[in-house]
Structures are given as structure tokens and as C-alpha cells.
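Lifted from TrEMBL, the feature list:
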type: BINDING; residues: 30, 35, 86, 121, 153, 261, 325; note: NAD(+) binding site
type: BINDING; residues: 150, 151, 152, 153, 202, 247, 248, 249, 250, 251, 255, 318; note: substrate binding site
type: ACT_SITE; residues: 258; note: active site, nucleophile
type: DOMAIN; residues: 311-414; note: domain 'UDP-glucose/GDP-mannose dehydrogenase C-terminal'
Ligand SMILES: NC(=O)C1=CN([C@@H]2O[C@H](COP(=O)(O)OP(=O)(O)OC[C@H]3O[C@@H](n4cnc5c(N)ncnc54)[C@H](O)[C@@H]3O)[C@@H](O)[C@H]2O)C=CC1
Ligand SMILES: O=C(O)[C@H]1O[C@H](OP(=O)(O)OP(=O)(O)OC[C@H]2O[C@@H](n3ccc(=O)[nH]c3=O)[C@H](O)[C@@H]2O)[C@H](O)[C@@H](O)[C@@H]1O
């Protein structure tokens, strides 16, 4: 099939490349000429393992191209995929300006029948608006469908080539054949429903995963007070198939371009129909608090942050991505600076993006984890990059001014910590190390 994909962020680029690799002729469109120039040099504007190789193969085979000319792309395609951003407005609602503009541009460019598929995450009822915007710009007939995207950054290609399921929302049953045929090379598990339900499935899925994370984080906070180990608790809970083990990793809370924005948007969607989504509001509140627990733990350990030297390991919102959108590290580092700490930052790939968001004379940019830790009063591990698991913790303790390690992702096991001399404070697990007063506090509670 001939496809145009509008928007070359994670979703547009990865789905464009994956549709091309299944034999479709795909043109990816972006209004950002710099991105298109980069793509035409076969350089990916997103960090995603394997993407450049797949781009190169498909361009070489003549199935994939990149342009900023939306009109030309729409005219040569049978099906158009909308994958533009839907960021948050200040009140949490989804900002639909990119969607509306793209829909208008598509309507104006149309020169015949087209199918328009929305992959962007959009509030319930948005596809109806898209239909109206396009209809007001063209007299040619067209169909709309909602095919929400469930890929994760860092595993986006694998998630797209082998998804758990594909959800297709449509109002005209006549579209089912063409859309299921387009997606069947990826999976047999295709769920066809109406457009509004498809739109809601996307928000409900992200909100549910966010809820699992906040739930386990609250359990972790209680574990810390009663002397239980949340990683054991999660294993024990997760082996019940009704619960499932995924998304039960306690830590410093979720970040990224989607969970924070989509949870807030769903609260607004509910609010707009006079429904207070109390559970989801608490999920968001717990998530914010979880980031600040790192600060509280530092203060407990160091007494004051003024003048303290703090090493930060990892600033991206999760490993294998350079994305720092709504990364917990942003708020944590800003707070440390506000409290007068000197902060040494290291991340394998996300430091440039971080610096564009937040820079300050009190920040030191380091090129290795060891450099960031050297001479520090505490190191905070905020992103569970694989390389941090391999660090020699004996050497770490020796190079620090005070050997305090705050592990925000529960990366290390007891056997790695024992004998290192580190004071080790993780999330929802017993504190370890010479300086720890933890057992005394438990005794007080009991
Ligand atoms: N990032 C992710 O992992 C996932 C994102 N989503 C959803 O997919 C949508 C896209 O997200 P990202 O890929 O992160 O987006 P993004 O915001 O990184 O990129 C969107 C791109 O669209 C381009 N664009 C905007 N308006 C345009 C127009 N009228 N014509 C041509 N290009 C235009 C922008 O220049 C930008 O390059 C959002 O709704 C998001 O919630 C869904 C699943 C996963
Ligand atoms: O709509 C979206 O954009 C996407 O949002 C998430 O994908 P993503 O944000 O790439 O990353 P996740 O792997 O889901 O992690 C999100 C955040 O939750 C945190 N997390 C995840 C799992 C866990 O057990 N604990 C936990 O704290 C991660 O560290 C990260 O900060 C969803 O997993 C995707 O299905 C969805 O398509």
C-alpha cells in the first residue's frame, strides 16, 4: 500500500520504517526541515537501537522516503497516518493544535479518496473533529480510523514489529478489511472496535500501567517503614497471573513523554464530563512525591544539601533513550541546585538534551560515572542504564568524600553492596551500610 506518515517523532518514524519493511511504499513527512534533512542523510533524529539500519535498508530498496512537502506526500498516498505530537496544555488537557493543523493540511492537499488513520494519542471525540476539519477543506470522499500506538521508547522497533495487539477503531465496517490486512504482517491479534472506544483504550492502558507503578511505589514506601523488601513483594504478587509481574518495579516514579501527559489528559477528559477520576489523581500525586523521596533520603543521610557534592547517574526518563521529557532527574536536579548543592551529572547519551532544558553554574557535566562520583558526598542513581550495574562498588566507595549511594531504581543486590563500605539506600528495601540507623527506626515502629 502507499502510505504517508505525518510526523517523524518516535511514533511516526518507527511506524513508517516498520510499515516499509513489510513491503509498503512509505513517505514520512515532517514540517521540521532540519529533521527531514537529517533523515535524508539516513541519520535518525530519535535515539532508538537499530533504527538507522532499518531506515537505510528500506530507503535502499526504494520503499521509504522523507519529505517536508505534505501536499505531495498526501497526493501520492492511499492511506495517511497522523503521528504528530499531542503535548499537554498548562491545565493538563491535550493540545490538539498539531492535529488540527495537520488535518487541515491533509484536507487541502487531497486530490481523491483517502483513508486517514490517527496514531497520535487523542482525547475521545477527536477523530470526529478531524473528520469535520478535513470535510471542511475538501469535497473528495474519505474515511477516518483510530489505530492507537502502544510502542515503548528504546524497544520501539520490536514493539511495532511484534505488538501484543493492534487496536483498530472504525465507524465504517467497510474499512476493516484494508486495515486488518495492513496490520496482519505484525500480529494476528487485532481487536476491532468503534472509534471512541479505541481512543479510550489508549488512555486507559497508559493510566492503568501508571497506576501499577504508583501502587508498587506506595507499597515500597510502606516496606521501608516496616522492614519488608518491595522487590520480594513484587515477585510474590506478580507470579499471580491475575496481577502479572510487569510494571511492578518500584523506583523514583514514572516519567517520559506519555505517562505524565496522558494521565493528566485523562483526568481532564473525565472532568469535562463532570466525573472526578479520584484514583488517577492519586496516582499522579504519588508519582510526584516519589521523585522528592530522593531529596528526603539525601537530607536524612547528609543533614544538609547546602554545599554538598552530589553525583547523578542517569538523567533520561528510562534507559536506552536520550529522551528527558518529564524525566524525574529534571525536578530532582533543579531541587538540589535550589538547595545549594553542587551537582555532577553523567548519562551515557542524554546530557545534551538535559542541558538544553536546564543549565546552571552549579552543574558539572561528566563523561563517565566514575568522574561524576569522584569526591562526592552522595551518588544518586536515577536511570537504570546497564553500565551502572557493572560498576565496581568498592572503587566507588573509595573515590567518594562520603560513601552514600541512593539507588532510585533498586539496581544492586545485597551481595554487591556487602563489604563495600557504602551506605546504601534504595527504594522499599532495607537500608544497608555502616552509617545506617535503619534497624533502630524499625524497632521504634514495632
Ligand atoms: N513517544 C512515544 O513513545 C509514544 C507516543 N505516542 C503518541 O504519539 C504522538 C506522537 O508522539 P511522538 O512521536 O513522541 O511525537 P513528537 O512530538 O516527538 O514528534 C511529532 C513530530 O510531528 C511533527 N509535526 C507536527 N505537526 C506537523 C504537521 N502539521 N505536519 C508535519 N509534521 C508535523 C513535528 O515537527 C514533530 O517532529 C503523541 O500523541 C504521543 O502521545 C504514542 C505511543 C508512544
Ligand atoms: O504512550 C506512550 O508513549 C507509551 O508510554 C509507555 O512507554 P514509554 O513511556 O516509552 O516507557 P515505559 O517503559 O512504559 O516506562 C515509562 C516510565 O515508567 C517507569 N517504570 C516503568 C515500569 C516499572 O515497573 N516501573 C517504572 O518506574 C520507567 O522508568 C519510565 O520512567 C508505555 O509503556 C507504552 O505502551 C506507550 O505506548
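Yeah, the Cβs are placed from backbone N, Cα and C, and that goes for glycine too.
Predicted automatically and left uncurated, TrEMBL annotations should be read as such.
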* Considering only the binding-site residues 86, 248, 255, which possess a Cβ situated under 6 angstroms from at least one atom of ligand 1? -> 86
* Cα within 10 Å of residue 202 (substrate binding site) - qualifying binding-site residues among 121, 153, 261, 325 -> 121
* **Spatially closest candidate among 30, 121, 258, the listed recorded positions, to residue 248 (substrate binding site) (Cα to Cα)** => 258
* Structure fact -> Rounded Cα distance, in Å, between residue 325 (NAD(+) binding site) and residue 255 (substrate binding site) is 7
* Quick one: which of these binding-site residues, 152, 250, 255, have their CA within 10 A of residue 121 (NAD(+) binding site)? -> none
* Mind running the binding-site residues 150, 152, 250, 255, 325 against ligand 2 and keeping the ones whose CB falls under 6 Å of it? => 150, 152, 255
* Which residue counts does DSSP yield for the domain 'UDP-glucose/GDP-mannose dehydrogenase C-terminal' (311-414) in the helix, strand and coil classes, in that order? -> 35 helix, 19 strand, 50 coil
* **Among 248, 250, 258, the one of these recorded positions whose Cβ has the fewest neighbouring Cβ atoms within 10 Å** => 248
* What is the total of other Cβ atoms whose distance to the Cβ of residue 261 (NAD(+) binding site) is within 10 Å? -> 23
* Could you measure the widest C-alpha to C-alpha distance across 150, 151, 152, 153, 202, 247, 248, 249, 250, 251, 255, 318, the residues recorded as binding substrate, and give it to a whole number of angstrom? => 24
* Structure fact -> Long-range Cβ list for residue 152 (substrate binding site), cut-off under 8 Å, min separation 6+ in sequence, same chain only, gives 159
* Taking Cα atoms as reference points, rank the recorded positions 150, 255, 258 by distance from residue 86 (NAD(+) binding site) and give the first. => 258
* residue 35 (NAD(+) binding site) to residue 258 (active site, nucleophile) - Cα separation in whole Å -> 21
